[in-house]
Amino acid sequence: MARQQRLVLALLPVAFGLGLIADLLGLFHQAWGINFGIWTLLSSAAIVGLSFKQTQPLAKETWLWLGIANLASLGFVLRDNEAILVWLGLCWVLAWMLIFTQPYRAHWQLASIRGWIVSGVVAGLGAAFCSFGAALNLPLRGGNGTSAKLRPILIGLGLALPLLCIFGGLFASADAVFENIFADLFNWNLDWLFEHVFVVLFATWAILGCGWILFAAPKPDISFSERPSLFNLGKVEVGIILGLLNALFGLFVVIQIRYLFGGEQQIAEGISYADYARRGFFELVTVALLVLPTLLLGSWLIEQRAEAQPLFRVLALVLLVQVGIVLASAVSRMLLYIDAYGLTESRIQATALMIWIVLVALWFVATVLRQRGHYFANGALVAAMIVLIGLVLLNPSNYIVRYNASHRGVASFDGYYVGSLADDADAVPAIIEVLPSLPAEQSCQIATQLLGYWNDADETDADWRSTNVSRNKARELVRQNAQNLTQMSCPIDRSM
C-alpha cells in the first residue's frame with residue numbers, strides 16, 4: 001500500500017472524529033468556553049499522534065505554534081472581554097495556519113511575511129482540493145483503488161435520485177396512503193441536518209485537508225529568488241528614501257520636542273488635557289505602526305544588492321530611534337489623559353498596541369538588521385501573544401473599574417461608562433464591589449443592568465460546554481447579591 005494511501009486511512013477517522021467532537025462540543029452553535037479549549041487540545045494531540053504514526057517528527061517551530069494555539073484557546077476559558085477574545089482568536093487562526101504551512105515554508109526556504117502569504121495561499125488551495133483526490137484512491141480488499149468501483153456507484157445514485165423523486169411524487173398524487181408514507185419518509189428536520197450533519201462533514205473535510213497538507217501533500221519546486229530589476233533597490237535609492245524619511249522625522253522631533261514632552265506646562269499655558277492628549281495621538285501611533293512594514297519592504301528590495309545593505313541598516317536604525325521618541329511622546333500623552341479622565345477599554349488597547357510596536361521594533365533590530373530576517377515574522381506573532389497574555393492576566397475590564405474608583409474618587413467616577421461594562425463578566429466582581437459607594441442615580445442604573453443581563457444569562461448560558469471561569473463567577477456573584485442589587489435597582493431611563 002502506498003504511503004499516501006496509508007496516510008489517508010489514518011487521517012479519515014481522525015478527521016471525522018474531530019469533526020464529530022466539534023459538533024458535540026457545540027463549537028458552531030454554543031458560546032465558546034471550555035469546549036474551545038478541549039477541541040484545540042484534542043486537535044493538537046491528534047497531530048502529535050499522527051506524526052509519531054507516520055514516523056515524521058514535527059518541526060520545533062510546529063511545537064511553538066501548538067503551544068500558542070492552546071494558550072489562545074485557554075483565554076476563552078478564563079476571560080469574557082470581547083476585544084481580547086477577538087485578538088486571541090486571530091492569534092489562534094494564525095498559529096494553526098503556520099502549523100499547516102510549515103512544510104511548504106521549509107521546502108521553499110521561505111521565511112517572514114512573504115513565506116506566510118505564499119505558503120498560506122498554496123496550502124489553503126491544497127487543503128481544499130487535494131485530500132479527497134487521494135481519498136478516492138484508497139485500496140479495497142482486492143487491492144484496487146476505489147475510484148473504479150466508486151465512480152459507477154456515484155453516477156448511478158446521481159441519476160436514480162431525480163427519477164425516484166419524480167415518479168414518487170406522481171404516485172403520491174395518485175394515492176393518499178402512498179402520499180402519507182412518502183411524506184413520513186422524507187419528513188426530515190432540515191435545520192437539524194444543517195446544524196449537525198453539514199457541520200460534521202464540513203469540519204471533517206477541513207481537518208482532512210489540513211492533515212494531508214501537513215504530512216503528505218506534494219510540494220512543487222518553485223524558485224522565489226528571481227524577480228524583475230524593478231523590485232531591487234541600490235545604494236542610491238536607499239539613501240534617498242530613508243535619508244528623506246529620517247530628515248522628516250528629525251525635523252518633526254526637533255521642532256515639536258517642547259510640545260511633545262511639554263505635558264503639564266503645555267496644559268498650564270491653556271491647552272486642555274483633552275486637546276493635548278488627543279491632538280495627534282493616533283497619528284503618532286499610526287506613523288510608528290507604518291514605519292515597520294516600510295522598513296520590511298525596504299529590506300526585501302535590497303536583499304539581492306549587497307552594497308546597499310550597510311547603508312540601509314544604519315539609516316533604518318536611526319529611523320527606529322526616532323520612532324521610539326515619537327512613541328514616547330504618544331505614551332506621555334496617554335498617561336496624562338488617563339490621569340485626568342480615567343481608564344477606558346480603548347485606552348488600554350492603545351497602550352497595549354504601543355507596547356507591541358516597541359517589542360516588534362526591537363525584534364526588527366535583532367533580526368532583520370542583523371541579516372536574520374527569517375526569524376522576524378514568527379517573533380512578531382510571539383510578541384503579540386506575550387502582550388495578549390499580559391492583558392489576560394491584567395483583566396482589563398476589572399482593572400478599569402478598580403483603577404477609576406481608587407484613583408479618581410467617587411465624585412468624578414463615570415458610572416455610566418461602568419454600566420456599559422455590565423455585560424462583561426470580567427468587570428462584574430469590581431462593579432459589585434464599588435456599587436454601594438456610588439451616587440444613587442448611578443448605582444440604580446448599573447444594578448438594573450446587572451440584574452437584567454445576568455438573570456437572562458443564567459438561563460441561556462448554563463450549558464457546560466460554554467463553561468467560562470469569568471462568566472460563572474459573574475453569575476454567582478449576581479445571584480449572591482441579588483437582594484442588594486434589587487434594592488438599588490430602578491427602571492432604566494430610555495431617554496438617555
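All positions are counted from 1 along the displayed chain.
Every residue gets a Cβ built from N, Cα and C, even glycine.
TrEMBL annotations:
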TRANSMEM  32-50  transmembrane segment
TRANSMEM  62-78  transmembrane segment
TRANSMEM  84-104  transmembrane segment
TRANSMEM  116-138  transmembrane segment
TRANSMEM  150-172  transmembrane segment
TRANSMEM  193-218  transmembrane segment
TRANSMEM  238-261  transmembrane segment
TRANSMEM  281-302  transmembrane segment
TRANSMEM  314-338  transmembrane segment
TRANSMEM  350-369  transmembrane segment
TRANSMEM  375-394  transmembrane segment
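In this chain, the transmembrane segment (281-302) lies close to the transmembrane segment (314-338): three or more C-beta pairs between them fall below 8 angstroms, excluding pairs fewer than 6 positions apart.
For the transmembrane segment (375-394), the residues of the chain that approach it from at least six positions outside its boundaries are 61, 64, 68, 71-72, 75, 78-79, 84, 87-88, 91, 94-95, 98, 111-113, 115-116, 296, 348, 352, 355-356, 359-360, 363-364, 367-368, judged by C-beta separation under 8 angstroms. For the transmembrane segment (350-369), the residues of the chain that approach it from at least six positions outside its boundaries are 281-282, 285, 288-289, 292, 295-296, 299, 313, 316-317, 320, 323-324, 327, 330-331, 334, 375-376, 379-380, 383-384, 386-387, 390-391, judged by C-beta separation under 8 angstroms.
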